[in-house]
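Q: Below is the structure I would like to discuss, written out as structure tokens.
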Amino acid sequence: MVESTKEFDYIKIKLASPFRILQWANRKLPNGQFVGEVQKSETINYRTFKPEMDGLFCERIFGPSKSLECACGKYKRVRYEGLICERCGVELTESRVRRHRMGYINLIYPVTHVWYINSRPNFMALLLEVEEFEKKLDTTYTTHSENCKKCDGLKLTTSTVVDLWDERVKRIKLASLAYFIAEDEISFYGIHWDLQQYRRSRELGYTGYPLKPYPKPQNRRYSTPKYLLRATPNFLIGAPLIKRELEKLNLKSEIFRMRYFILVCTKVLNKEKPIYDESRWFRKWEQQRIYKIREQAIKRIRILENLVGTGSSPAWMILTILPVIPPALRPMIQLEGGRFATSDLNELYRRIITRNNRLLRLLEIDAPQLIIRNEKRLLQEAVDTLIDNGKRGKIALSANNRPLKSLSDIIKGKHGRFRQNLLGKRVDYSGRSVIVVGPSLRLNQCGLPYEMAIELFQPFIIRELINQGLASNMKIAKNLIQQNESIIDPVLEKVLKSHPIFLNRAPTLHRLGIQAFEPILVQGRAIKLHPLVCSAFNADFDGDQMAVHIPLSLEAQAECYMLMLAPYNFLSPANGEPIIMPSQDMVLGCYYLTVNNINGLLGSSHYFANLADVILAYSQSKLEIHSAIWIRLEEQEINESILLKTTILDDETKIEFYENLQIRKTKDNQLIVQYVQTTTGRAILNYIIQKTLNFL
């Protein structure tokens, strides 16, 4: 087997074309036969317990169940590897190919992708400009504006609101077309005529659809000639009609047209803003309507640009070829007693194949259109359930009333394929533990449990023991570590001093979800985390767990120090604002530390030469945290306006008393010393800030 090591920079997920799905699943055998289409809903034979041919576990499509052994048993040797059995058509290869070989179902009737027709916003409706998408920008409504600017004569009636809205676009409901739900038969054909007229008007250069108010839609059952219904073929209703309209979209010209339309909306809003500000409900309503039109146009242009950027066609939202994932990813396991446990996906695929084959038989016998439409709707619902169970309508249940697990359920969520199996999988040189707060840590530090550090850094400890001559080989070094000898601790501290670690908290929603720290050994089994970095990780201390990863190469360690340390990730990449900000108990602690006006405390009215003397007295319990004290200041002028009193001493010097200041001067008014009144807590806060900024 040839292993390929192709390098790549990123993975792009986009719409798959029917041709690409066939490339995944369709294979040509040496005898010229094509295999890959799953035609039967059977899984395994109930007598032989072997996969049924052309079924969901077919060995001809997905590969042999047993390595180098065909289905009929004719070939069972390694020397036949690569041979295709002429009797059963199975290729003799490894059974592991059943993990990546795909199949496909050729749908008789195209179906819509449930993610795009039942999403918010509705992508198909935005692209086709139907349902709630307004196509009219009416800024020439002059019936009342010239006579009465504030529109006092205009009364709010149903007909007025109908005139202001383009009601025609609301006729076309894509869900009604796809699921055959409507009041009258003509609604199934509405998109064919309305969009045709709309597209023709745009090709002629019109910016709006109807430039005059359109009457309220009525039931068209009695006003439509019967021959028009008979002239429209049945394959032009439902999903095929939506597919045809999506194929007709010229993406680049639509982008140009929408950009021009957005500019028109913006100019209208800027030009008529004074009128909107002065007017009453009518003009206010018109302003909100234009805002909504512009917002819808912006959403549409984003979808169009994404389609152009990925090289996708909007018609690929309609499925004609349905891929079948490999059987090893949806296994069927035999239990004790002869029963089988199977994945829910097999039941969902079985429903689709059964309904697809039944629809084919109904079309072959020319069944009534009512029955065929019902079968098409059932096929659409079966595909919806496979892709996303419960996205639209009732949730499909299994035999024991348990919701069936669809493809979306396998991918999304905490226990989905991405978060649990890819982002959260176990790797070497990593560990996991609960986090607790470590307020005494520096911002670039974290507390690493001793047991975890011994296990994670074991290779580095062994190398250091051998380099220092404390162990002659790896086996002796491992024995020293297992016996927890005292010589291990200084070696471990030396290793940790120059080796950073990564901390990661799932889900990693942005790049700040993984940051580097310098580890500090702590007792216990919990990781200590600085409280200021919690906002970047979106972490709290109610039982959250974090993963520890060890950078092995010198390049990775250099990247830790240069890019990924917590102090270097001060700003949020989303908006550029600081993401490391004090909150909760830190703010409360700062407030409590600086509270004053508490009288009668220990050490009040004492005088100190500097901040260090205050810290020393507080550490010796000579002061309380809120004691009012006096601290000498450097020679700097402080403007105090209200002089309370002046005292002249025996040496002819004087002391001026202000509200929070005492200044001693000579008889010539030269400054000798000055003291400012504060509290012990404020002195401590000031000392910490000055020491951090290297002012002390």
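Using N, Cα and C of the backbone, Cβ positions are placed for all residues, glycine too.
Keep in mind it's a predicted model, so treat the numbers as computed, not measured.
According to Swiss-Prot:
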type: BINDING; residues: Cys70, Cys72, Cys85, Cys88; note: Zn(2+) binding site
type: BINDING; residues: Asp540, Asp542, Asp544; note: Mg(2+) binding site
Q: Identify, in sequence order, the residues in the chain of Cys70 (Zn(2+) binding site) that are 6 or more apart from it along the sequence and have a CB within less than 8 Å of its CB; answer 'none' if there are none.
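A: In sequence order, Glu59, Pro64, Lys76, Cys85, Arg87, Cys88, Val90, Leu92 meet the Cβ cut-off.
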Q: Other than Asp540, Asp542, Asp544, which residues of the same chain sit close to Mg(2+)? List them in sequence order, counting a residue when its Cβ is within 8 Å of the Cβ centroid of the site.
A: Ile435, Ala539, Phe541, Gly543
Q: Using the alpha carbons only, what distance in Å do you get between Asp542 (Mg(2+) binding site) and Cys72 (Zn(2+) binding site) once rounded?
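A: For Asp542 (Mg(2+) binding site) versus Cys72 (Zn(2+) binding site), the Cα atoms are 59 Å apart.
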Q: Out of Asp540, Asp542, which of these binding-site residues shows the lowest number of other CB atoms within 10 Å of its CB?
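A: Counting other Cβ atoms within 10 Å of each of the binding-site residues Asp540, Asp542 gives the minimum at Asp542.
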Q: Sort out the sequence-distant neighbours of Asp544 (Mg(2+) binding site) for me: same chain, 6+ apart, CB within less than 8 Å of its CB, listed by position.
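A: Set apart from Asp544 (Mg(2+) binding site) by at least 6 residues yet with Cβ under 8 Å, we have Val434, Ile435, Arg505.
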Q: Can you tell me the CA-to-CA distance separating Asp540 (Mg(2+) binding site) and Cys72 (Zn(2+) binding site), as a whole number of Å?
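A: Taking the Cα atoms only, Asp540 (Mg(2+) binding site) lies 60 Å from Cys72 (Zn(2+) binding site).
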Q: Applying the rule Cβ within 8 Å of the centroid of the Cβ atoms of Cys70, Cys72, Cys85, Cys88, what extra residues of the same chain belong around the Zn(2+) site?
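A: Neighbours found: Ala71, Gly73, Lys74, Tyr75, Glu86, Arg87, Gly89, Val90.
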Q: Report the same-chain neighbours of Cys72 (Zn(2+) binding site): residues 6+ apart in sequence with Cβ closer than 8 Å to its Cβ, ordered by sequence.
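A: Once residues fewer than 6 apart are set aside, Cys72 (Zn(2+) binding site) is near Cys85, Arg87, Cys88, Val90.
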Q: Please report the number of other Cβ atoms within 10 Å of the Cβ of Cys88 (Zn(2+) binding site).
A: 16
